[in-house]
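Below is one structure, written out as C-alpha cells; comments come after it.
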Amino acid sequence: MPAGSNEPDGVLSYQRPDEEAVVDQGGTSTILNIHYEKEELEGHRTLYVGVRMPLGRQSHRHHRTHGQKHRRRGGRGKGASQGEEGLEASAHDTPSQRVQFILGTEEDEEHVPHELFTELDEICMKEGEEAEWKETARWLKFEEDVEDGGERWSKPYVATLSLHSLFELRSCLINGSVLLDMRASSIEEISDLILDQQELLRDLSDSVRVKVREALLKKHHHQNEKKRNNLIPIVRSFAEVGKKQSDPHSMDRDGQTVSPQSAPATNLEVKNGVNCEHSPVDLSKADLHFMKKIPAGAEASNVLVGEVDTLDRPIVAFVRLSPAVLLSGLTEVPIPTRFLFILLGPVGKGQQYHEIGRSMATIMTDEIFHDVAYKAKERDDLLAGIDEFLDQVTVLPPGEWDPSIRIEPPKNVPSQEKRKMPGVPNGNICHVEPEPHGGHSGPELERTGRLFGGLVLDVKRKAPWYWSDYRDALSLQCLASFLFLYCACMSPVITFGGLLGEATEGRISAIESLFGASMTGIAYSLFAGQPLTILGSTGPVLVFEKILFKFCKDYALSYLSLRACIGLWTAFLCIVLVATDASSLVCYITRFTEEAFASLICIIFIYEAIEKLIHLAETYPIHMHSQLDHLSLYYCRCALPENPNNHTLQYWKEHSIPTADVNWANLTVSECQEMHGEFIGSACGHHGPYTPDVLFWSCILFFATFIVSSTLKTFKTSRYFPTRVRSTVSDFAVFLTIFTMVILDFLIGVPSPKLQVPSVFKPTRDDRGWFISPIGPNPWWTVIAAIIPALLCTILIFMDQQITAVIINRKEHKLKKGCGYHLDLLVVAIMLGVCSLMGLPWFVAATVLSITHVNSLKLESECSAPGEQPKFLGIREQRVTGLMIFVLMGCSVFMTAVLKFIPMPVLYGVFLYMGVSSLQGIQFFDRLKLFGMPAKHQPDFIYLRHVPLRKVHLFTLVQLTCLVLLWVIKASPAAIVFPMMVLALVFVRKVMDLCFSKRELSWLDDLMPESKKKKLDDAKKKEEEEEAEKMLDIGGDKFPLESRKLLSSPGKNNSFRCDPSEINISDEMPKTTVWKALSINSGNTKEKSPFN
C-alpha cells in the first residue's frame, strides 16, 4: 500500500503485501493485490533481518524508514545483490533465532508484556432462544473447561493439543487478517475495523457483513453468571458512577468500586494503557473469587470461534489492541482486553473450530509466544513464535495415550528462560551462572580485621530493617505462630527448671527458669540480629550445672557465687569472640556438621517425649493380671510411716503434728500426702492408690496430639474448603490441637498429669535473693580460677548458638533482611552475664524450637493460577512473635488458673511433633533410607546422578557414626564435653577430603536446595544434548543488547549449516503432507473452506 494512502484509524500499514509474503507454499494472500518486484521485496528483507531496528515509531501505523532504495523499481546493482543474499539467508533462519531477535528488541510503553488471562467463547444456539457467546474454557496458566453439564468448571489440567489443529492455526494466521496495535474503544468499533479489513481481502456482501457483525456483537454468557431468579443483582457500573476512568483492580474484595476521587489514576494504570472510558462494567456479574487469582495489571486475551450459516468460508482475524481496552461484558473478569482472535466459519465444522481456538488460547499462555505476541511488528513474527512453539512441543504417540485423559499440573514448571537466550557460535547456549554450591560465604561472615568490625557491619545491616520487623508482624500467621510456640516453649522451660531444682537443691528452680527465659528472650527479640532464633535451655548446660554443684558441695563453696564468676568470665570471653570476628569461623560448618547436630537434637526431642510418657507409668502404673474375683478385697489406706526419714520428722516437728493422735486411716489422699503419711494395701502404688485409666488416657492424648497436629498442618494442601480456611487451619494447627485436647481431657475427667506453674513470683529458696555476689563467702582466688570452666562453657555457648544460627540462615529459607552472627552472640553474652548475677539459668539458641519457628512463618504466593502450586517466597521475618512468646512466658505466673488445665501428655505430643517435623528436609535421613531400597526404586535425588551409590553410603555411614558418638557422649556423664565433640565434626569433615573428591563432596555436602540444584542439573544435561545435536554457524553477526548478551542477527551468513541433523521447522513444515493439504485447500476457490 503506498505510504501516502489513507487507512482507517486502527488498521496498521504494516500489512503491506511485501510483509505478507510468508515463505511457504504460496498460500499467502495480499491485501490489495499489489505486487512488488523481487528486488524490492529482497531489499526490504535484507534491511529488516540484517539491521537491528528500533521500536520507536513515527506513528501508530508502524512504518519503518527504508529509504529511497526500498521504493526503487529496477536496478540490479549492489542493492539487489544484497537483497538476494538476504532473501536466501532469511529462508534458513530458525524460529528460535527469529524469536530471540524479536525478544531482544527494545521495549516501549505500549508493548510491555503483562500477565494474560485467556478466555474461549463459542457461539451457542438454544431452541427458542437467541444465539449468544458462551464461555467454554479459560486459561490463566492451565486449562479449565466448562463441563458438559454446564454447571461447574473442570479441574485445571495441562492442555493437550493435536498437531493438526496447530497446523490449522498457523494456516489461519497466514491467510487471515493480522491487525496489530489497533486503536479502538469498543467491540463495535473493533468489529467494524475487522470487517473493513476482510473486505480488502475478499468480496464480502452487505448481508454477510451485517450477519457477521451481529454475530460478533451478540451477548456473552459466562460460567459464573448462574441463574439468579431468586436474587436481585445490584447493578453498579462505571457508567452509573460517572463513567470515570478507573483501573479494574481498584475494586475491593466485596465488589465495591473505589471512587475516582479516592483512587486517582496511578502511573501503572497509565503505563498499562487501560482505557476504561465509556466502558460500563457490571460488577455484579464479575467473578470476584476468581479475580483474586489474577495478578494485578493482568490483561485479557479473548478467543472467539463459532459457526455462522451465511458464511461460505472462514473469517479469521488476530487483533492486538493498543492500548488495552476494558470491553464491557466480553470477559469473565473486568480486566482490559489486549488480544482478540476471531474465527467464524461455515456450519458443520464446530469441533474443528473449537480445537483451533483451544490451540490459540493455549499458545497464548506459553511464556515465549506471549512475549512475542506483545512485541511482534508483523505477521512473520507471530508465525516465528508459533514455529518456535512447535519446535519445543513433545509428541505423545496416538496408540499409547488417550487424549481425553487430563494431565494433572506439575508441582514445578521448568523455567523457559533458556528458550529466550540466544545461541553462540560454538553451539552452546548462554545461561545464567549458577550460584556457588554450599558454604556460608557472604558479607556477614567476612573477617574485617578491625576490632568489633563484624558487629558494626551487623548493626548497619539490620538497622534499616528494624521498624519493618514490627510492621511485618501484622498477620494472622504471626498470631498462630506465637500461640503455638508459647505452649511449646513453656513446658521445656518449666521442666528444665524442675530438673535444675532437683540438681541444685532448689537454688535454681522453675520460677527462676521462667524469669530467666522471659528476660533473656525479650532482650534477644528486641536487639538480636536474627530474631527468628528462639532461645531455650540445653542438655549440656544442665550437665554442667550438676557437675558444678557437686564440686561446690564437695569443697564447701557457694554454688551461686562461683556460678556467677563463671558466667561473667564466659560473657567476657564471648564478647572477645565478637570483637575478633570469631563468628567468621562459622563458614567451616558445612551441611555435614549441621545435619549431624540438628538430627541429634531432633532425635533427643523424640526420645525424651516418648521417655516422659513411659515414665508416667511409675506414678500411674498399670494394674496387670488383676484378679477380678478378689476385687472386693482390694484396699488402700493411709497409715503412720514405720520408719520415717529425717525430712518427715523435721516436718512433723515444725508443724507440731501429734502423730499418735492422728486418725491416719480416715485421711484423704491429699491430706495423707501433705502429712507425709504412708499408703498401705493391695490397691496402692508407689505414690498412692491406683488411679485407673490415667496411663492409657495419657497415651491417647499423646498420640492424638501428634496425629491431629500433623494432619491439620498438611490441611493447606487438602481439597476441602476454600483456600483462606485451609491456610488459617494450617497456621493454627498446633494451637487448635492443644485447645481441642484440653477440652476433651476436661470433658472425660480422667485425672491426667497437668502442667505445674509457680503461682508466686519470688525465689524458690528464702536464703537467696535476686542478686548474687560473684565472690560471696568463697575465697578470692575462685574469681580467677573460674576462668578455667568458663573456657569450656564458652565453647558450649558458641557452638550451640552459631550452629543453630547457621541452620536458620540457610539459603533455602530465602531470608531478605540479612543475618547478624556477631550481634546475636553479643546479646547472648550480655544476657548470660546478667542471668549469672541474678542467679538465673543460662539460655542459648534452641535448635528444634528455632526450626519450628521458621517453619511456622513460611510465606507462599497468594495469587496463584488454578492448578499452579503456590511458590515459596521466604520467611516472614519479624521480631514480634519471639517478643510476645517471652512476654507471655513472664506473665505465666499470673495465669496459673488457666495453664493448670493443660495435660502434660499433650505437651509431650507437641514435642514429638516438633522433633518429627524438624527432621523433614534433612538430607541425612533421605540418604539413610537408601540402604534398604533397591536401586530401581530409589528416588531421583540429585546427588545420585553424580556420586556413585557406594560413595553415598560411605558418606552416610561416616555421618551416622558421628551421630551415634554424639548420642553416647550426650547420654553419658561426660556430656560436658559434648560441644567439643560437635567442634570435632568440622575436623572429621576435613579428613573426608582424603576419601572423596571435591566434586562428590560438592553434591553431598552443601546448602543448596534440592529443587534448585536439580533444575540446574537438568538444564545442563539438556544443554549438553543440544550441543551434541546442533552446531550454530560461527560467522553470524552480533548485536549488543541491553542484557549485554550477543544475539545472532537473522538473515545473514546463517544459510550454511555445519550439522546436517539441524533442521529449520519453518522449512520442514511445508514438506509435510498435512501442511501441503492445508495449503492446497487454502489456495482453492473461495467457495471451499480451508479446513477440509
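Quick reminder: no glycine exception, Cβ is built from N, Cα and C everywhere.
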> Pick from N666, N1064: which does Swiss-Prot describe as N-linked glycosylation site?
Replying inline: N666
> According to Swiss-Prot, which residue among N175, N646 is annotated as N-linked glycosylation site?
Replying inline: N646
> Does the record from Swiss-Prot show N302 and M933 on the same side of the membrane?
Replying inline: yes
> Which of C587, C602, C636, C793 is the other half of the disulfide bond that Swiss-Prot records for C684?
Replying inline: C636
> Looking only at C638, C699, which is named in Swiss-Prot as the disulfide mate of C672?
Replying inline: C638
>> DSSP on the topological domain 'Cytoplasmic' (800-824): how many residues come out helix, how many strand, how many coil?
In response: 16 helix, 0 strand, 9 coil
> Any idea what the Cα distance is from N646 (N-linked glycosylation site) over to C672 (disulfide bond), rounded to a whole Å?
Replying inline: 18
> Honestly, do the transmembrane segment (508-528) and the transmembrane segment (905-925) touch, with at least three Cβ pairs under 8 Å and pairs 6 or more apart in sequence?
Replying inline: no
>> Tell me which of the disulfide-bonded residues C636, C638, C684 ends up closest to N666 (N-linked glycosylation site) in space, Cα to Cα.
In response: C638
> Are there three or more C-beta pairs under 8 angstroms joining the transmembrane segment (566-586) and the transmembrane segment (688-708), sequence spacing 6 or more?
Replying inline: no
> For the transmembrane segment (732-752) and the transmembrane segment (882-902), does the number of C-beta pairs under 8 Å, pairs 6 or more apart in sequence, reach 3 or more?
Replying inline: yes
> Do you know the mean pLDDT across the topological domain 'Extracellular' (846-881)?
Replying inline: 76
> Using DSSP and three states only, what is C636 (disulfide bond)?
Replying inline: coil
> Which one, 566-586, 825-845, 905-925, has the most C-beta pairs under 8 Å toward the transmembrane segment (596-616)?
Replying inline: 905-925
> Within 10 Å of the Cβ of N646 (N-linked glycosylation site), how many other Cβ atoms are there?
Replying inline: 7
>> Please report the distance from the Cα of C636 (disulfide bond) to the Cα of C672 (disulfide bond), rounded to the nearest angstrom.
In response: 12
